[in-house]
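Pulled from TrEMBL, these are the features on record:
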type: DOMAIN; residues: 1-191; note: domain 'Major facilitator superfamily (MFS) profile'
type: TRANSMEM; residues: 12-33; note: transmembrane segment
type: TRANSMEM; residues: 45-63; note: transmembrane segment
type: TRANSMEM; residues: 75-93; note: transmembrane segment
type: TRANSMEM; residues: 99-122; note: transmembrane segment
type: TRANSMEM; residues: 134-157; note: transmembrane segment
type: TRANSMEM; residues: 163-181; note: transmembrane segment
Amino acid sequence: TLAQALRTRDFWFLWVVWLSFSLCLNLVLTHIVPYVTDAGVSTTQAAVVLGLIGSISIPGRLVMGGVSDKIGRKVSAIVCALLQIGSMIWLAWARELWMFYFFAIVYGFGFGGFGSPVTALIGDIFGVHSLGAIMGVLEFGWGIGAAIGPTVGGLVFDVTEDYFMAFIIGALAVMVATFFVSMTKHKISEE
């Protein structure tokens, strides 16, 4: 039940995972177009970069959902998180269109692929009986991250007139998510 889940350490670890993951994702989705256009790229091409992130997330979701059934939820999520972390660091230095496209492909796959194994992990840990209620409370963490990420990105830009530290903060947020995914204690069933 939700009440039982709320009393577990894994629930709160996963709540932080959703918050941290959402912080980075929403920071990127909010600030990628201004960042790309500040580098001298047209708004149309910047919009393509944004669209590519979402488009590439689709195969990430499809591929990593199946992969997580084979190699495990945590390993799959961590691989996707590492793609996100690396691409966020890349983005902090990106200044040319090809670099933004490369970021969009790697980050899009990583962000899309992260959600499938983590959602499956939640089901593995808590079962499916109260999964809707459990996900609802976990999504509250997602919403907080969605509010914090764009705000932090904007504040960092306003203070520094650059997105470098904002993207590093995004990478750090995904590192936090990765740590807490790895800390869940549930032994995944190999069924």
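Along the chain as shown, residues are numbered 1 onward.
The backbone N, Cα and C atoms fix where each Cβ goes, glycine too.
Remember, TrEMBL labels are computer predictions, not curated facts.
At the 8 Å Cβ cutoff, the transmembrane segment (163-181) and the transmembrane segment (12-33) share at least 3 close pairs (sequence separation 6 or more) and count as touching. Each residue in the domain 'Major facilitator superfamily (MFS) profile' (1-191) has a pLDDT score, and their mean in this model is 93.
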